[in-house]
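S.K.: Pulled the feature table from Swiss-Prot, pasting it below:
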ACT_SITE  K75  active site, charge relay system
ACT_SITE  S150  active site, charge relay system
ACT_SITE  S174  active site, acyl-ester intermediate
Amino acid sequence: MHAKSLTELRAALAAKECSAVELAQHYLKRIDAARDLNAFVHVDADLTLAQAKAADAELARGAGGALTGLPIAHKDVFVTRGWRSTAGSKMLANYESPFDATVVARLQAAGMVTLGKTNMDEFAMGSSNENSAFGAVKNPWDTNAVPGGSSGGSSAAVAARLAPAATGTDTGGSIRQPASFAGVTGIKPTYGRVSRYGMIAFASSLDQGGPMAQSASDCALLLNAMAGFDERDSTSLERDDEDFTRHLGQPWAAGNDAGKPLAGLRIGLPNEYFGAGLADDVRATIDAALKQYEALGATLVPVSLPKTELSIPVYYVIAPAEASSNLSRFDGVRFGHRAAQYGDLLDMYKKSRAEGFGPEVKRRILVGTYVLSHGYYDAYYLQAQKIRRIIANDFQEAFKSCDVIMGPASPTVAWDLGAKGDDPVQMYLADIYTLSVSLAGLPGMSVPCGFGAGANAKRPVGLQIIGNYFNEARMLQVADAFQRATDWHKQVPAGV
């Protein structure tokens, strides 16, 4: 049952091959049996089964929609009523929200059943899911490897088929990179497509929620429910609802030959994504995926994104600056960890934050506070914002000659647990291909396209697909065409 996609599970429910309760029970058993992966931080079988029973009642009445009764896991950065919402931090270890995040509420309104909350890097700051206060997550493909971050719990859960789908968030690559490392499909929509209301903030001008699942078609189904205007989020974009599944299985252009469904599609290949730093085995796997696209009729076009290398310093000025502001609310007064012993009020603030935040969060708060301080604001923060605009303009120039941009989601496959923990700069460099997309606010996704070589032969590689603003439906069409021609997205770790 767990090998089925969301679309297949929906058909099974409709044919009464299983009930929503039976489906939920099946996944709950799998979650319990796979505790060693540490993909989940909070599971409540009673809450899950209550939702499943309600879904079965809807289905029995002939009601419900495309997602009714289907299970999903939520990254623990989305607040959920009745479940703890920790953001992977000791600071919020016992926090229970009085309301649901919009993403959670919309998926529940669509009839989906919550399986639990997935592990994550603390406050979404990390690329390996080793920064969680609740322990590191293991990659199901190779338990000596990281699953990526910060949505590593979600990527591991989907890869191990502990859930058919999961929510994630992407600030600088936190959906795409873990999707790549765990061999699943994940999409970061255009900034503002998906409401941030109830998403515990890291960097407000970058944070964006999105789905992670087995396939592009599953992600399209989920995005139909997740996307939409929300007046409670000041950055939410007011646009007409659209069906993200509408191009799936369709040729790129009317009249295309069945064997060349993507004829007319121009794929931009940035020179900067294929230079020094890209591992040979990743390059070979990406090249093979691009040849598959050529076989489907697409044309490869060289493009340039000249400021790609500046995306790392720009991101690590802007994101920590916003984080230092957002995380100032966690002081042990209204909610969050409070030190047991302290002197005056200022001492309580200091000790509560020192005890509640982990090392990486503290590092980024310090960096952010520094770049926003008097005398450095103009030199660092304002300069970074100017370069951010140039990076966005570079993408628009590239899109004049192509329809989508492709390249690796990460320069390497997943690394060993603990391999980069003592070198934050090396960890930051792992996001070189995803950061610029986030800085520009563009949609991007990762699609499984193969594996590494030699010692990395069990570690997946993800192909990144980047689209222009609001072009998610076309990106999903392009990804879906690849997945109809290949089976990388259907492969599972040994023993699953």
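Cβ from N, Cα, C; glycine included.
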S.K.: Going by DSSP, give the three-state secondary structure for the residue listed as 'active site, acyl-ester intermediate'.
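M.R.: Assignment for the residue listed as 'active site, acyl-ester intermediate' reads coil.
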S.K.: If I restrict to non-local contacts, at least six residues apart, and a C-beta distance under 8 angstroms, what lies near S150 (active site, charge relay system) in its own chain?
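M.R.: Those within reach of S150 (active site, charge relay system), by Cβ under 8 Å and sequence separation of 6 or more, are V77, G88, M120, D121, A124, M125, G126, S127, N129, N131, T169, T171, S174, P178.
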S.K.: Helix, strand or coil for K75 (active site, charge relay system)? Use DSSP.
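M.R.: The three-state answer is strand.
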S.K.: A 10 Å Cβ contact count, applied to the active-site residues K75, S174: which residue has the minimum?
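M.R.: So among K75, S174, the active-site residues given, the one with the fewest Cβ atoms within 10 Å is K75.
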